[in-house]
Amino acid sequence: FPQNQTARGPDEVTASLAALGLDRYAPAFRELGYDDLDYLKSSSPEKLLQVAKRVQMREGHAVRWVESLSGTAVSLETVALELSAPGAAEQVRVLPVQATPNDDEEGERIVLWFIKADKLRGCDDRVLPRFQDLQRQRPDWFVEKEITLEGACKHEYADEVLAVSHRWEQPAEPDTEGKQFAAMCVYVRGKPAIKLVWVDFSCAPQKVRTPAEELVFGRTLRFVSLLFLGSRVLILCDRTYTTRFWTLFEAWISMQMATVDGLMPAPREKRRCDIVPIHLASSVTASELETLVADKSLDQIYAMLGSPDIQVTNQKDKGMQLAKLLALDHQVVRKMALPTLTLAGGAPRPSGGGAGVGTGADAPPAPSKDERLQRLVEQVRSGSADAAGALADMTDDESRVAIARAGGIVPLVALLTAQDPAAGAEAARALRSLAYNAENRVLIVQAGAIAPLVTLVQSGTDGQKEQAAGALANLAVNAENKLLIAQAGAIAPLVTLVQSGTDGQKERAAGALRNLALNAENRVLIAQAGAIAPLVTLVQSGTDGQKVNAVAALGNLAYTNDENRVLIAQAGAIAPLVTLVQSGTAGQKEHAASALGNLAYTNAENEVLIAQAGAIAPLVTLVQSGTDGQKEPAAGALANLAYTNAKNRVLIAQAGAIAPLVTLVQSGTAGEMEQAADALRTLAVNDENKVLIAQAGAISPLVTLVQSGTAGQKEYAAAALRNLAINNAENEFLIAQAGG
């Protein structure tokens with residue numbers, strides 16, 4: 001991550017651009033960190049052309065700018081060639097950069113881009129370009145890999161994955177002379193076991209970033225410590241390495257090991273790092289680095305890194321990572337306490353008090369994991385957005401309970417109304433995570449969270465709105481909270497977010513409406529607030545996450561509400577729901593099948609429309625070969641489609657539904673058995689279907705359900721047997737013979 005020294009003279013760069021009539025590019029120069037005029041003037045024309053390319057300067061403008069700084073005339077043809085090649089988006093495949101779905105619910109893992117080590121072994125380039133440029137130029141260099149907390153604790157990536165720790169030498173140009181890249185290549189060539197390499201500038205999105213890239217970069221910042229804890233680390237140490245926050249942070253983690261007592265200094269033979277001096281550094285410099293950080297406890301390194309003379313370009317990075325260190329230590333203790341966890345190679349889980357750990361015989365005992373949490377809670381009480389963010393990232397249920405036990409909920413609720421927008425957003429994100437726990441949902445509401453969360457949804461920043469909507473969604477899992485949230489006025493602003501919010505806001509708000517709509521009164525209020533049309537729009541053209549929540553919301557709105565069934569169909573929901581049943585993601589198929597079943601329930605017109613839209617065949621496919629979560633609602637949807645519609649009964653049988661429905665009655669889950677029995681009940685109204693159902697072997701398992709099933713299974717199975725026997729003497733005989 002950026003370790004560049006404080007840039008000088010941004011006004012001089014802006015002025016120089018303005019003098020040439022090129023001030024339109026000044027924001028891009030500032031954003032990318034090109035704000036040192038002396039440095040630019042000392043650069044070669046070739047290097048200046050690379051800068052021009054990154055700020056997307058037009059060809060004629062680039063000619064004028066390069067000549068003004070270098071005094072060297074460059075031809076328009078040369079500039080055009082440099083600015084257009086290689087890696088133009090229209091000429092190569094571009095790798096997608098997307099945030100992991102539900103990424104902030106996965107606080108113990110991160111998916112990162114890595115460079116294939118073999119590509120570096122055969123590379124003769126002078127430097128590595130930034131991530132976005134390398135991605136366009138050489139997409140085949142990249143591979144994604146998940147890094148988990150458990151894997152990091154076991155150091156299981158140390159043999160094959162290399163993380164590079166280095167100081168940025170200039171803004172937007174960490175390796176000005178190519179010496180870092182050269183050292184990296186030499187190291188990788190000497191380590192044939194290494195398969196993947198991660199270096200921040202070329203493996204994480206750099207400025208200027210798209211919104212999707214911002215999400216990826218932000219998550220990388222939050223969880224990069226897992227990489228440096230679990231992988232081999234190459235430390236490219238120059239003489240100023242020990243003055244920078246990020247480099248010392250990375251070096252310290254690379255010299256730690258995970259133990260039942262938390263992060264502890266690793267004995268020399270178990271360290272996962274190699275220090276390579278570069279520039280004017282020597283072996284003495286490397287020894288000084290080891291002496292400085294190797295044997296430091298977490299509390300000691302926390303104090304050192306927090307010192308004002310340890311420099312960082314972005315001060316927020318320091319606060320975030322220091323808070324994350326406390327959280328990481330807590331999580332390591334919890335993870336290492338698992339009886340099944342051993343270090344890579346089968347070594348036993350070490351204790352921090354063992355010989356060779358390096359803390360010294362007189363070192364005080366390490367604080368407990370709850371003491372670490374208490375420190376974070378106290379920081380939240382003092383208004384720290386970083387501490388709230390660290391708590392938000394502790395997403396295992398044990399930590400959620402521990403945070404509540406440590407008194408974290410009340411100060412997080414208080415932080416919702418802080419003047420710092422980031423603090424409010426992080427507090428809402430933390431409460432959203434905590435609200436996954438049932439007891440916490442009660443405690444959060446008792447602490448008075450609903451009103452300030454609704455206020456943030458109404459008038460907060462974009463980040464606050466998204467996180468507050470997500471918190472309300474999770475709180476609304478509780479039946480009583482559904483009423484309280486609606487009474488607090490949340491429905492109207494949530495509908496507004498679904499209509500016109502950012503992508504993240506739309507997904508979270510749809511999720512909140514989805515949960516609120518499980519209340520009968522709320523179903524009326526949500527429809528009256530105008531939610532149906534924008535929810536249908538999300539089903540048609542939203543992101544995958546938006547579609548899942550919107551589909552589920554529509555399904556819930558249609559549940560036991562006759563008027564909403566009509567309104568949803570009139571809004572054009574049926575066709576896109578059928579499309580999702582056919583070709584959506586696993587979750588989309590499940591919820592779309594359920595929504596169609598609710599729309600068809602006791603609504604004769606919808607039964608016709610859904611069948612005409614082509615729903616029957618894909619629903620039968622789900623009954624045959626879907627997941628357990630898909631089979632049950634698909635069987636229920638078929639039951640409802642056949643309830644009052646004679647034609648649908650024929651079409652469903654012709655689509656091959658009877659045999660897989662019988663299979664579900666025989667060996668499905670409890671819910672599948674009930675819904676399949678209901679489907680056979682409605683299909684058996686048709687005389688031909690009575691014969692087909694009996695021939696498929698349904699009578700015996702239906703009798704079994706009547707004898708020993710649940711109340712719902714008994715009801716539908718008995719009704720199915722009754723329908724099979726009406727006007728069919730053979731079936732009547734077979735039922736009696738089977739004991740029915």
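Heads up, the Cβ atoms here are built off N, Cα and C, so glycines get one too.
For 343-371, the entry in TrEMBL reads region 'Disordered'.
If you look at the repeat 'ARM' (407-449), the same-chain residues 6 or more away from its ends with a CB under 8 A from one of its CBs are 104-105, 107, 373-374, 376-377, 380-381, 383-386, 388-389, 391-395, 397, 400-401, 455-456, 460-461, 463-464, 466-468, 470-471, 473-475, 477-478, 480-481, 484. The repeat 'ARM' feature in TrEMBL is assigned to 407-449 (among others).
For the repeat 'ARM' (448-490), the model gives a mean pLDDT of 98. What TrEMBL lists as repeat 'ARM' is 448-490 (among others).
Residues 211, 450, 453-454, 457-458, 462, 465-467, 469-470, 472-474, 476-477, 479, 482-483, 538, 542-543, 545-546, 549-550, 552-553, 556-557, 559-561, 563-564, 567 of the same chain lie 6+ residues outside the repeat 'ARM' (489-531) yet bring a C-beta within less than 8 angstroms of a C-beta in it. Summarising the annotation, TrEMBL assigns repeat 'ARM' to 489-531 (among others).
Marked as repeat 'ARM' by TrEMBL: 530-572 (among others). Here the repeat 'ARM' (530-572) is broken down by DSSP into helix, strand and coil counts: 34 helix, 0 strand, 9 coil.
Annotation comment: TrEMBL describes 572-614 (among others) as repeat 'ARM'.
The repeat 'ARM' annotation in TrEMBL covers 614-656 (among others). In the repeat 'ARM' (614-656), the DSSP tally of helix, strand and coil residues is 33 helix, 0 strand, 10 coil.
Under the heading repeat 'ARM', TrEMBL lists 656-698 (among others). Long-range contacts of the repeat 'ARM' (656-698) within the same chain, counting only residues at least 6 positions beyond its ends with a Cβ under 8 Å from a Cβ of the stretch, are 616, 619-620, 623-624, 628, 631-633, 635-636, 638-640, 642-643, 646, 649-650, 705, 709-710, 712-713, 716-717, 719-720, 723-724, 726-728, 730-731, 734.
As annotated by TrEMBL, repeat 'ARM' applies to 697-739 (among others). Secondary structure of the repeat 'ARM' (697-739) per DSSP (helix as H, G, I; strand as E, B; remaining residues coil): 34 helix, 0 strand, 9 coil.
Here the repeat 'ARM' (572-614) has long-range neighbours at 532, 535-536, 539-540, 544, 547-548, 551-552, 554-556, 558-559, 562, 565-566, 622, 626-627, 629-630, 633-634, 636-637, 639-641, 643-645, 647-648, 651, meaning same-chain residues at least 6 beyond its ends whose C-beta is under 8 angstroms from one of its own.
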